[in-house]
Amino acid sequence: KLGVLSTINVILGKTLGVSAYTVPSAIFEGVGSVGMALSLWIIGAIISFCGMAVYLDLGTAMPKSGGERVYLERIFRKPYMLATFMFMSYAVLLGFSTPNAIVLGDYVLYALGIQRNRWNVRAIAVLAVSVLCYIHARHPKLGLKLINILGVGKLVILVIVILSGIAGGLMGVGRLGAVLEGRRFDVPFSVDPTLSTAQRNFSNIWAGSSMQPYDYATALLKVVYCFRGYSTANQVLSDVKNPVRTLKVAAPVALGVASLSYLAINIAFFLVVDKADFKSSGIVVAGTFFCNVFGQSVGTHILPLFVVISAAGNIAATSFSQARVNEELAKDGLLPGSKLWATKPSTAVSLDQLNEPFKKTRLPLPGSDTPTTPSRGLLLHWLVSASVIVLPPPGRIYNFLVDIGGYPVSAISVAVSLGLWYLHATPSERWSSPHPANCISIVVFAASNCVLLVFPWIPPQRSGTGEQGQGEGDGFPSYAYPATALAVLGSGAVYWGWW
């Protein structure tokens, strides 16, 4: 059973992963200016707090493991179970640990000074997922301790990075004659050598801002994807002690810490890393940051291990929560080959009982006598994650994986928020929650996610190239990730028809 601290760490473990070090470069490359990049992180935090209010309303009213699956079943009763199957396709096929595992492999090789290629990065990624899933399956207490230790460790590392960025900005990193070890002298002639990197980056923060809606929608999707861990505790509420009280305390604290951390670490990067390097560094921008502040030797070989720790913490938290989602789906006979993926047959009450809106007494929670280690749910999570690591062709797939993971989140968020609005507005539903969301939060959350669903379909116009419809430079057309994400959700509808 998870207490308040463990629940906070589970949320932070999913929310504050390697995305704090890898996504900022892609966001800045998309929107083009320091001011717009920082603004999107603030907007993303506001949207996430509105989403947290929605999930607090639903989670405290129905404190059962499963997250969105439970809420969609309660809201969308007809067509019977269609929403559940569409959510299941997203949860199982896109609930992987692959992006964090790939970054872990990249930074391990970066720290060791080994040339990165397609297979050595992926081999380390598969090994990391395998080890952490095995620990959760065979040593669950150790797995929970790892989540707590790595969660605290990630916060300490974030503080170190933020303070290092402030120190670097005050000491004038990037200025000619800077005293820090590892000072770069190969700056272009167009750059004023008398100004530090911080002065150059923050002198005109809106210069270079993109005019393409696609760029902002894609960048904001990445930001929302980084924050999406605020609902992680809703997926494992059956494993939370006093879930209503714990969730009301843990979710706001964790999301507040995550919001401040994301904004602070972006500011720290812009204080030390020149804009041109920020765009070109990609997912190893933290390596450039460390080299600029601490010098080539320490920055290249030692400090990038901080990112490895953060990636491991995210994989551990994701595996913990995702395995329980898989287990709930298998116990109810929804997954293909459910008997294979269910660790123990369900003793849950029926779906109709759970969805009965007029019950005044709380029904027994499903899985109360099930084992605390969903080993077969972990096996399914491992198979999906390992497959997505190994099978894709070579290239820059990290941003693409983040995008296809974020787009269905917006679709589900629209369905859940509008559904909650319906429950509030329909007296016959007799909806009651210990922590109801206000109307403004519901509307803001629904409207912002509607925008994120529409704008990615507007192809960007790239000035000077004559190209239309190309995405972020990863070799994929602009419609690739929304189309792929919708295809995943559609596969759930197809399987529902067969079921």
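Cβ coordinates come from backbone N, Cα and C, glycine included.
Just so you know, TrEMBL annotations are computer predictions that nobody has curated.
Here is what TrEMBL says about this protein:
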TRANSMEM  38-58  transmembrane segment
TRANSMEM  79-99  transmembrane segment
TRANSMEM  119-137  transmembrane segment
TRANSMEM  149-173  transmembrane segment
TRANSMEM  249-273  transmembrane segment
TRANSMEM  378-398  transmembrane segment
TRANSMEM  404-425  transmembrane segment
TRANSMEM  437-459  transmembrane segment
TRANSMEM  479-498  transmembrane segment
Where else in the chain does the transmembrane segment (79-99) make close Cβ contacts, counting only residues six or more beyond its ends and a cut-off under 8 Å?
-> 18-19, 68-69, 72-73, 125, 129, 314-315, 318-319, 322, 325-326, 329, 334-335, 351, 380-381, 384-385, 388-389, 398, 401-402, 404-405, 408, 412, 415, 485, 488-493, 495-496, 499
With a Cβ cut-off under 8 Å, give me the same-chain residues at least six positions beyond the ends of the transmembrane segment (249-273) that come close to it.
-> 4, 7-8, 11-12, 15-16, 20-21, 24, 34, 37-38, 41-42, 44-45, 48-49, 52, 55-56, 155, 158, 161-162, 164-166, 168-169, 173-174, 197-198, 201-202, 226-227, 229-230, 233, 281, 285, 288-289, 292-293
Out of 38-58, 378-398, 404-425, 437-459, 479-498, which stretch touches the transmembrane segment (119-137) the most, going by CB pairs under 8 Å?
-> 378-398
Thinking of Cβ pairs under 8 Å, which stretch from 149-173, 378-398, 404-425 has the most of them with the transmembrane segment (38-58)?
-> 404-425
Recorded stretches the transmembrane segment (437-459) and the transmembrane segment (149-173) touching, at least 3 CB pairs under 8 Å = no
